[in-house]
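I have placed the structure first, in the form of structure tokens, so that the comments after it can refer back to it.
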Amino acid sequence: MNMQEVYEYLSTVLPEGHVKQDEMLKNHTHIKVGGKADVFVAPTNYDEIQEVIKYANKYNIPVTFLGNGSNVIIKDGGIRGITVSLIHITGVTVTGTTIVAQCGAAIIDVSRIALEHNLTGLEFACGIPGSVGGALYMNAGAYGGEISYVLTEAVVMTGDGELRTLTKEAFEFGYRKSVFANNHYIILEARFELEEGVYEEIKAKMDDLTFKRESKQPLEYPSCGSVFKRPPNNFAGKLIQESGLQGKRIGGVEVSLKHAGFMVNVDNGTAQDYIDLIHFVQKTVEEKFGVKLEREVRIIGEDKE
């Protein structure tokens, strides 16, 4: 279908300024790479998301969903069809020890809201840069905590635009993975069950984790966080470091000198630079240690022609 027609129709469904053509997706990822989206939409509520899905299904238009772009590499050729950004779906409510957070809310912000209400259980998330939806998608975690420990249920939208509530068991959580990598559900909101705590103790733990993160991670450059999952009984960063790869650069992207598990965009790097460096690191580590590093970061989109 003609993308101009798609743009014109969706412009009648969403608020002014929330539908764009040929939007550069590097403006919507933490690592500042990514080509153009044919049509880019940023819904403000669930009804608008449903309208987009039903329209796309009617005309067989591919749809790609983005959170805040913290753990994704979008290829330099961009994304065909409709790209849906969920960054405006950000509501958070607190009732007793329960927090309900919508998909586009930053998980860091949710952890801070928990602190404000003297609730403990989300301290580990105080330095995770992703959205709530992204955190559920990959079962994000840090410093001994992970999303699956505090999630009780979530509201999702099916590929047909229907709303469903799923309990935690349906998520099939594992280490940095969930069922959402294999189905077409869109995570809309999450319900977290926390415990009452002491403000000063919660804040002290968050301050400690923030200090550790800032002292060990290369926050001065754009990055997608940990590139690889932790291999069994080992650490990706340790294997990369011992392979002599810190400082290895392809194009504008290099293996961080501060933390070998990170790849940073130091000089206008491209998605292809990232992909080539990832493959080089995987090949080198496997040749040296016999360990296959599995990507944690998602790669989506089309190659540049």
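Note that Cβ sites are derived from N, Cα and C of the backbone, with glycine treated the same way.
Here's what Swiss-Prot has on this protein:
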type: DOMAIN; residues: 33-197; note: domain 'FAD-binding PCMH-type'
type: ACT_SITE; residues: ARG176; note: active site
type: ACT_SITE; residues: SER226; note: active site, proton donor
type: ACT_SITE; residues: GLU296; note: active site
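Mean pLDDT, taken over the domain 'FAD-binding PCMH-type' (33-197), works out to 96 on the 0 to 100 scale. Each residue contributes its Cα atom, and for ARG176 (active site) and GLU296 (active site) these two points are 7 Å apart. Taking only the Cα positions, the spacing between SER226 (active site, proton donor) and GLU296 (active site) is 7 angstrom. The Cβ of GLU296 (active site) lies under 8 Å from the Cβ of ASN71, MET138, ARG176, GLY225, SER226, VAL227, PHE228, LYS229, each on the same chain and at least six residues away in sequence.
The number of other Cβ atoms within 10 Å of the Cβ belonging to SER226 (active site, proton donor), over all protein chains shown, comes to 21. In three-state terms derived from DSSP, SER226 (active site, proton donor) belongs to neither a helical nor a strand segment and is classed as coil. Other Cβ atoms within 10 Å of the Cβ of ARG176 (active site) number 19 in total over all chains.
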